[in-house]
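Here is what Swiss-Prot records for this protein:
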type: BINDING; residues: F290, D291, V292, G293, G294, G295, L296, A297, I298, D299, Y300; note: substrate binding site
type: MOD_RES; residues: K105; note: N6-(pyridoxal phosphate)lysine
Amino acid sequence: MRLDVEQTSKLDRVRADYNVHYWSQGFYGIDDQGEMYVSPRSDNAHQIQLSKIVKQLEERQLNVPVLVRFPQILHQRVHSICDAFNQAIEEYQYPNKYLLVYPIKVNQQREVVDEILASQAQLETKQLGLEAGSKPELLAVLAMAQHASSVIVCNGYKDREYIRLALIGEKLGHKVFIVLEKMSELDLVLREAKSLGVTPRLGIRIRLASQGAGKWQASGGEKSKFGLSASQVLNVISRLKKENQLDTLQLVHFHLGSQMANIRDVRNGVNESARFYCELRTLGANITYFDVGGGLAIDYDGTRSQSSNSMNYGLVEYARNIVNTVGDVCKDYKQPMPVIISESGRSLTAHHAVLISNVIGTETYKPETVTEPEEDFPLLLNNMWRSWLNLHNGTDARALIEIYNDTQSDLAEVHSQFATGVLTLEHRAWAEQTSLRIYYELNRLMSTKNRFHRPILDELSERLADKFFVNFSLFQSLPDSWGIDQVFPVLPLSGLQNAADRRAVMLDITCDSDGAIDAYVDGQGIESTLPVPAWNEDEPYLMGFFLVGAYQEILGDMHNLFGDTHSVVVNVGDQGEINIDFINEGDTVEDMMRYVHIDVDQIRKNYHSLVSQRVDQEEQQQILAELEQGLSGYTYLEDF
């Protein structure tokens with residue numbers, strides 16, 4: 001019984017260290033066996049260990065890395081966002097409705113878009129629409145929007161073809177809002193609408209003075225790429241009046257930027273845009289839709305803060321701030337309250353997907369015995385030896401800092417003297433091994449309670465951390481981690497009761513030094529290393545990369561010709577059964593070669609030619625078979 005209590009207490013500390021409760025929104029957790037689980041059902045029934053899903057996939061000959069999608073989580077996110085706005089509307093007694101418009105750029109995968117639309121299939125009144133930002137996306141949503149509310153919002157730069165396609169959408173029975181991003185688009189829309197005999201539905205994107213903070217702050221503000229200034233907005237009104245087309249302007253749109261961490265920035269932007277809406281109404285524009293764009297954030301690190309990886313508000317608070325602000329401004333102006341639209345793609349999709357892969361090897365520092373330098377070793381190395389003796393024989397906290405600084409200085413000098421030929425390779429090897437042992441002991445003896453020790457401990461933690469080589473490409477599967485330093489929760493899937501054993505950093509298998517994760521969720525902050533159970537080469541060691549359902553797979557690139565991973569759709573049944581409903585196999589080597597226009601048929605001919613010329617006849621078939629197997633195989637590592 002006592003062991004059970006101790007185990008539970010230990011796991012509670014581990015759960016706190018990984019901050020799982022806060023970033024997971026209840027969809028993921030650590031069970032009492034130290035296993036990561038998923039709980040995707042709306043009734044919260046059944047906690048399914050992720051490692052069991054991997055075992056079922058292996059039985060189907062599907063190896064990691066694999067992206068696992070949970071459509072039940074997508075359904076829950078749709079309902080949660082809509083419910084938050086519906087609650088805010090009811091509380092405020094707001095006399096209009098809310099629409100959740102999904103911008104498919106966030107994740108255009110068919111399995112994702114179909115499930116989002118299916119989430120409201122049984123509802124008589126649907127609160128879903130779709131957004132397109134390009135011609136290809138528009139052509140996709142024109143065939144899908146009838147499964148939602150038939151509302152389509154068209155953003156992005158537009159040419160004649162784009163505009164004609166949007167207008168054709170009206171003929172297909174959709175409500176297509178063509179959002180003007182620049183003045184020249186207005187002439188195109190009016191001309192093509194007349195040509196097709198269609199009354200257009202126009203929207204106008206406002207370039208606000210308000211600007212958020214964070215990685216995407218350039219999306220808002222007066223220098224933003226998109227949107228019309230106040231004077232340009234008035235020019236649009238004047239032109240529409242002149243053409244007797246003012247009633248075609250039906251929507252006001254703004255976008256402060258993705259991942260808005262501070263609710264005050266959201267409120268300020270909504271307030272400014274709501275005043276644009278009311279001013280345009282007073283000028284005679286019959287605008288009835290108010291589109292707040294994206295920005296609803298994800299709490300990637302679980303700190304509920306204003307950091308760019310977090311958010312200092314919840315769903316209900318977000319909805320209340322928008323509804324209340326729009327309502328209050330409309331009351332001030334005595335204008336009708338519009339339909340509210342949000343384009344909350346990141347919040348909708350991020351939680352539903354997990355990338356799972358395996359650790360294929362590690363590099364671990366193991367303390368070695370420090371040997372006394374030989375008599376002919378230089379004075380510099382003897383200085384390092386004295387530092388080790390002082391540390392080994394015991395010293396006070398202040399001296400620990402001095403030993404650290406001396407060792408840093410001595411090691412730098414060793415590298416300098418080796419580069420100029422003063423020291424030998426043997427000298428350098430001794431110095432590096434001795435310094436590592438000194439660092440190891442300093443890390444053990446220093447305390448986080450001493451504020452002067454803390455920055456040194458951070459440095460030592462990085463220096464001594466295990467290197468975990470994980471079978472994935474950061475550039476393909478987590479491009480935002482590399483490109484904009486986005487933090488994603490990363491956890492081992494098993495053995496978490498021993499998570500404090502080691503600290504590690506995750507490295508991918510690309511031939512690029514940037515292929516490393518530099519920041520990890522750890523308690524109430526971000527650390528440069530991750531607490532992990534020790535690696536055992538005799539047992540599979542699985543890592544999970546969470547909250548990767550938004551943007552990552554569509555932004556991923558083909559560095560080193562690593563392609564898309566396998567992806568699967570998993571639903572959890574009423575009895576807790578794991579239903580693998582769809583498997584999309586990842587790219588083969590041949591797929592990737594063809595993508596970069598390598599003639600694979602010629603490759604095969606070259607193989608045959610080389611084999612026939614260079615390989616003994618009895619080996620030729622075997623060699624050709626292995627080469628062919630390589631072409632048809634997964635781009636990731638499989639054979640261990």
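Note: Cβ is positioned from N, Cα and C throughout, glycine not excepted.
Quick caveat, the model's predicted, so the values are computed rather than measured.
When the Cα atoms are compared, I298 (substrate binding site) and the residue listed as 'N6-(pyridoxal phosphate)lysine' turn out to be 17 Å apart. Note: the Cα of F290 (substrate binding site) and the Cα of K105 (N6-(pyridoxal phosphate)lysine) are spaced 21 Å from each other. Under the DSSP three-state reduction, F290 (substrate binding site) is assigned to strand. With K105 (N6-(pyridoxal phosphate)lysine) as the anchor, the candidate binding-site residues are V292, G294, L296, Y300, and the one with the nearest CA is G294. According to DSSP, I298 (substrate binding site) is assigned to coil rather than to any helix or strand.
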